[in-house]
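According to Swiss-Prot, the protein has these features:
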DISULFID  Cys3-Cys13  disulfide bond
DISULFID  Cys7-Cys19  disulfide bond
DISULFID  Cys12-Cys24  disulfide bond
Amino acid sequence: DDCTTYCYGVHCCPPAFKCAASGCVRNN
């Protein structure tokens with residue numbers, strides 16, 4: 001897959017995003 005970040009070991013963020021408390025957020 002094209003996931004680069006995993007939130008809490010479960011939730012997968014796309015490459016341009018990062019994991020934050022509220023979920024995946026766009027990585028500037």
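Glycine too: its Cβ is placed from the backbone N, Cα and C atoms.
Projection of Swiss-Prot feature records onto the structure.
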residue	record	Cβ neighbours (10 Å)
Cys3	disulfide bond	12
Cys7	disulfide bond	17
Cys12	disulfide bond	14
Cys13	disulfide bond	19
Cys19	disulfide bond	16
Cys24	disulfide bond	16
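Cα of Cys13 (disulfide bond) to Cα of Cys7 (disulfide bond): a span of 7 Å. Taking CA atoms as the reference points, Cys24 (disulfide bond) and Cys7 (disulfide bond) are 8 Å apart. On the backbone, the CA of Cys3 (disulfide bond) and the CA of Cys19 (disulfide bond) stand 11 Å apart. Cα to Cα, Cys12 (disulfide bond) and Cys19 (disulfide bond) are separated by 9 Å.
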